[in-house]
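Quick notes on the structure that follows.
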Amino acid sequence: MSCCKEPRSSWVFPTAMLSLYGFFANCRPAEPFLTPYLVGPYKNISEEQVTNYLFPIWTYSYLALLLPVFLLTDLLRYKVVIVAQGLFLVNNYILLCFAQGLTAMTVLQVNFAIVTSTEVAYFSYIYSIISVRLYQRATGYLRSAMLTGYTFGSFLGQVLVSVAGVSYFCVNAITLGIVSVAFVVSFCLPTPHRGMFFRGETEVPTTQEHHSAAEENTEGAEEESTQVAGGGWCSWNTIAHAGHLLWRSFLQSYSSKQLVYWSLWWALATAGYFQIFNYVQLMWNHIEPSGSSSVYNGGVEAIATLLGAGAAFTIGHVKVTWEVWGEVALGMFSAVAAAAVFLIGLTSSIWASYAGYIIFKASYMLLITITMFQIAENLSMQCYALTFGINNFTAVLLQTTVTAIVVDEHVLGMDIVSQFVIYGTYYAAISLLFMIRGTYTACQHYCRLRLDRESREDTKTEAISSYKFRAGWGYPTALLCTYGFFSSVKPLEPFLIPYLSGPDKNITAEQVNNQIFPVWTYSYLVVLIPVFLLTDYLRYKPVVIFQGVNLLVTSGLLLWAQGVAAMQIMEVFYSVVTACEVAYFSYIYSVVDLQHYQKVTAYCRSVQLLGYTVGSVLGQLMVSFSLMSYQGILVLNLVLISIALVTSCFLPMPQKSMFFHRKQGVDDAATSPPVQTSINETTGEPASNGVMEPQLDRSARTVDREGHERNPEILRNQDIAACNNTASRDTGQCFGVLLRLWREFLQCYSKQLLYWSLWWALATCGYNQTVNYVQVLWDHVGGSQNFAIYNGGVEAVSNLFSAAMAYAVGFTKVNWATWGELALGSFSGLGAASLFLMTFIGNIWVCYVAYVIFKCLYMLLITIAMFQIAADLSIERYALVFGGNNFVALVLQTVITAIVVDSRGLSLKIIPQFIVYGSYFTGITILFLLRGLYTVVSTRSRTNVSQTQREDALKWEVRDEVYKHCNTKPQGARAGRYGDQGANLPKWA
């Protein structure tokens, strides 16, 4: 009797039985042909019903069942749940074989959701019945048995369909027989006497001796000890103890930041994998209908599984420091997966789509193997089981959200091609996120290695370098650029007028022109100043997040809201988005040092412009090739904005701002305009305003946190200023800040800066008005409903040329102080001519070319104006001038909108509007041409007078030298020439 019982108590028997169960339960020859079976003559369900109704039922049911089944699996000790899984698997294929109608197939989806939610019992069962030292070997056997069964089933199904010519019904009947064998095998599994949480040990076993001792206990002793510890298998003490273990395991599982990122990829990628796996057969049926061609879905699934298993097996023998390079690998292979998904969805060749799926599935199985290994390596089995459950639950939650928005017929009900474009974009976002995170991790690793080497030489240097690394400019700049890119990719923006005036919204062009667009201008004027002040007061990050939220609301209203009133509300939210742009450009200056301002500004501006360009090109491709409808493009936009919003939450919180949270002393010195210094010819030391700074001994100086020497006298003055600042803050900080803002604002505008700022405000007003209404003009000229629209391509080209011209002007050697105002007038005249060309030439291509010229000219001139203004101002004063000029521009734009556009004003048609805009720029041209000519003539006159004086002075200096050489220099010669004005000559004369 003992001889017969011995094998059953060892690890071999339960592992063998569970492996058999796994093989037969996953050997389903009919699964690769589910969609052809449902849409074919056997079930006669339409492809739209399968896509937008049936398959979402499985997702919703899976989400509802996953968490309860996870807890019941441990409470009921696994075997009962495995038997139940086998039973529901048998019932699944009974329904497939014999049930008819949409309702029966809905029940089928719920039934299959129970099957998939109980898969956790398959992987957890074996860990409750064998010792820890056998976990790796048993896991390998179970995983291999499952993959072997799946591969064999796929190959068998393909052979039955393609070679033997067996019908889909018979293939389902054969599958029913195979899973029935799995159901019978499940009864032979030994019943575990403990679970990992319910009736689990109070401490996690850690030593091999403890496991060996536990294995020697008899079944009765184990049962008795558990009863004593737990007080009954379903008692309150058992449940409370299980809850305690769950909470403790949860805290341990997500205690490491690196494990959190690995788990994040697990959840994100698994959600996308489930979605693609569920709908890929529909994609194949769309490319090449199963009723009119041979179907090779089974062979493709078999090859994909084999390659994925081979990649997962190979990765175990690759020597890589995954702690350093793992996140980079996640990003790179996710990019490969994204490209494969785009290939699946956009190709018209079934074989290319098959190849894309094989690449995608192999990439996912490779990465999920790495992820599981990295997470399991440092966790106990309880923690790993909990992490497995939570990550999969998060994945299903994300998948449910995507299904509800993208697939469900009650919301968007998108077609299958548009769905796969969304999935490809989803994986591209995952790739970008983890490439950034992986690059940061790798750089951090190598910086630590370098600091370790430096620490052997200088401990002080290590401390300074370590601080610089932690507070460096790279990490916040990368995150802000990621946010800027995804928030700027707006594929629908160039097609907003066709979308609003088309069948989706059915709003007339007059309503858009005279009732909807003016709301943005008025709202922008109202919120600009409050948002500007709140941005500084809240220290930028909350406003950046708030901008992302409003952008999400704007896109949501565009997608789901109907009517003129709803679109007016949308414009209000979008005005908040545009007002919050000041936070995007100001945030980075509060977290990086002054010496990095130019570099980070270039990055943030370039990435934002790149986002606009990519969005325009992407929208143009979608529209021109009919890849997605306008609503599908909006859903894609929602996904991109959601990525931007999530990214903004990871931005570091600034500790200071330019006005309300300003650090006195250090920041004032760092951000003040450069002080002109002279050089003392005796000592060679710099002197400010001709006064020498007292020299201090080097030992009397202090080193600040960045390693720069600071004068103790200056530090004492800074401390006094800080104390005074604290006192003033207590008695009314906000009033003091606002008063200082007003005083600095008045000091910003010198005579020359006033003219540059005047052009900025006037031209920006006209530019914004033109950009807002140019699509209405294009719609009027070309007719969006009967003409191929190229708005996106035009916007992309104009952005690229604008960026090139703005970049080129930085290398142009021109005395802008003399010729700048004349250039403003001349190029404004070209802009006015472009506007008149758009207005009076009834050709859409001429309109497009004229718009590109107009936008490039404005970007060229605004770059010159910004540079000229910023050259002589501190960053605080530049921010004030930036806000003041834009506010004046907005006031002017509001006046023009109210008079020219608004339905309660003149309510002009689009052609008369653009005549007004062209005349407006003509007025700017005349004003600045006259001012520029006056400046040039005045400068030339001053130059000629100075040249004459220099020539006269040089002539008399030569004469003095001649007299000195001849020793016959007449006394008072120069006084005779100049009289009493000789003292006013230059020193060298």
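A Cβ is built for glycine as well, from the same backbone N, Cα and C atoms used for every other residue.
Residues or ranges marked as compositional bias 'Polar residues' in TrEMBL: 673-686.
According to TrEMBL, the region 'Disordered' annotation covers 670-692.
What TrEMBL records for 80-102 (among others) is transmembrane segment. Counting same-chain residues at least six beyond the ends of the transmembrane segment (80-102), those with a Cβ under 8 angstroms from any Cβ of the stretch are 18, 21, 25, 30, 37, 43, 45, 49, 53-54, 69, 72-73, 108, 111-112, 114-115, 118-119, 121-122, 125, 169, 172-173, 175-176, 179-180, 182-183, 185-187, 189.
Residues annotated as transmembrane segment in TrEMBL: 108-128 (among others).
Among the features that TrEMBL reports, transmembrane segment is placed at 140-160 (among others). Same-chain residues lying 6 or more positions outside the transmembrane segment (140-160) and placing a CB less than 8 Å from one of its CB atoms are 15, 18-20, 22-33, 122-123, 126, 166, 170-171, 174-175, 178, 296-299, 301-302, 305-306, 308-309.
A Cβ distance under 8 Å defines the sequence-distant neighbours of the transmembrane segment (166-189), meaning residues of its chain 6+ beyond its ends; these are 14, 17-18, 20-21, 23-25, 27-31, 33, 36-37, 40, 42, 79, 82-83, 85-87, 89-90, 92-94, 96-97, 125, 153, 157, 160. Sequence annotations record features per position, and here TrEMBL assigns transmembrane segment to 166-189 (among others).
Marked as transmembrane segment by TrEMBL: 259-276 (among others). Under 8 Å from some Cβ of the transmembrane segment (259-276) lie the Cβ atoms of residues 59, 253, 326-327, 330, 334, 337, 341, 344, 357, 360-361, 364, 367-368, 371-372, 374-375, 378-379, 387, 390-392, 394-399, 402-403, 420, 423, 426-427, 430, 434, 437, all in the same chain and six or more residues away from its ends.
The feature transmembrane segment is assigned by TrEMBL to 296-316 (among others).
Marked as transmembrane segment by TrEMBL: 426-447 (among others). Counting only same-chain residues 6+ beyond the ends of the transmembrane segment (426-447), those with a CB under 8 A from a CB of the stretch are 258, 261, 265, 268-269, 272, 324-332, 334-335, 337-338, 341, 402, 465, 469, 474-475, 478-479, 482, 486, 639-640, 643, 647.
Annotation source TrEMBL lists transmembrane segment at 519-538 (among others).
Residues or ranges marked as transmembrane segment in TrEMBL: 545-566 (among others).
Taking Cβ pairs closer than 8 Å, the transmembrane segment (572-589) reaches residues 476-477, 480, 483-484, 519-521, 523-524, 526-528, 531-532, 535-536, 540-541, 543-544, 546-547, 550-551, 553-554, 557, 597, 600-601, 604, 608, 651, 654, 658, 875, 879, 882-883 in its own chain, all 6 or more past its ends. As annotated by TrEMBL, transmembrane segment applies to 572-589 (among others).
Residues 405-406, 412, 414, 418, 421-422, 425-426, 429, 433, 475-476, 479-480, 482-483, 485-487, 489-492, 495, 539, 541, 544-545, 547-549, 551-552, 555-556, 558-559, 587, 591, 619, 622-623 of the same chain lie 6+ residues outside the transmembrane segment (633-653) yet bring a C-beta within less than 8 angstroms of a C-beta in it. According to TrEMBL, the feature transmembrane segment maps to 633-653 (among others).
Taken from TrEMBL, the feature transmembrane segment applies to 848-867 (among others). Outside the transmembrane segment (848-867), and at least 6 residues removed from its termini, the chain residues within Cβ reach (under 8 Å) are 756-757, 759-760, 763-764, 767, 770-771, 774, 778, 790, 794, 797-799, 801-803, 805-806, 809-810, 816, 820, 823-824, 827-828, 830-831, 834-835, 837-838, 841.
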